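What follows is a single structure, written as structure tokens, with notes after it.
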Amino acid sequence: MNLTVVNHPLVQHKLGLLREGDISTNKFRTITHELARLLAYEATRDFELEPITIDGWCGKIEVQQIKGKKVTVVPILRAGLGMLDGVLDLVPSAKISVVGLYRNEETLEPVPYFDKFVDSLDERIALIIDPMLATGGSMVATIDLLKRKGCKSIRAIVMVAAPEGIKVVNEAHPDVPVFTASLDSHLNEQGYIIPGLGDAGDKIFGTKHS
């Protein structure tokens, strides 16, 4: 299984705060930002480096820089936007691509309604961000879109995942690693992660789930 559960104490502490049932919109946004940054740190841990020579204060000096491919961050709309700034804290030069999907509440299948990708995806590392990986349908659809556009290096960053969704993603795209703060118990009959976080999109945007 191509899955990394990040067990860092700060990650687990912040995840626990997000699980509070009566959490305010402001607090949920703030902690989502912080957690996204920590998860992105883990997801970029093995980026390849190369030495370059620069003019330092005392003359020429050799330093390390990220080698080769540049990053595009791909939030899945709308909830993925809540994680965007946290990831950009670490990779501020990253270009942003977006994918718009919503879940059909009857079939639980993803329905695409918008996408906009940066150029030269074949030369980039894509970091897909979405707070919840539930059924896996939206993540698989997003990976499908990226691969059709030529992207060969893709990673997924989610705050909470369900075993059912991880299984779907791994079966469809075993080459795509998933980074999460928690692999939760299961999905309920409505396709929500248990114990999960509730509706992350509604909590980030301050809207009510109908």
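A Cβ is built for glycine as well, from the same backbone N, Cα and C atoms used for every other residue.
Swiss-Prot lists R78, R103, D130, P131, M132, L133, A134, T135, G136, G137, S138 as binding 5-phospho-alpha-D-ribose 1-diphosphate, and of D22, D199 the one it places in that same site is D199. Across the structure, R78 (5-phospho-alpha-D-ribose 1-diphosphate binding site) and D199 (uracil binding site) are spaced 11 Å apart at their Cα atoms.
Counted over all residue pairs in R78, R103, D130, P131, M132, L133, A134, T135, G136, G137, S138, D199, the record's binders of 5-phospho-alpha-D-ribose 1-diphosphate, the longest Cα to Cα distance measures 17 angstrom.
Around S138 (5-phospho-alpha-D-ribose 1-diphosphate binding site), the same-chain residues at least 6 positions away in sequence with a Cβ under 8 Å from its Cβ are I76, L101, R103, P110, D130. The binding-site residues recorded for this entry are M132, A134, G136, and the Cα of M132 lies nearest to that of A200 (uracil binding site).
Secondary structure from DSSP puts S138 (5-phospho-alpha-D-ribose 1-diphosphate binding site) in a helix.
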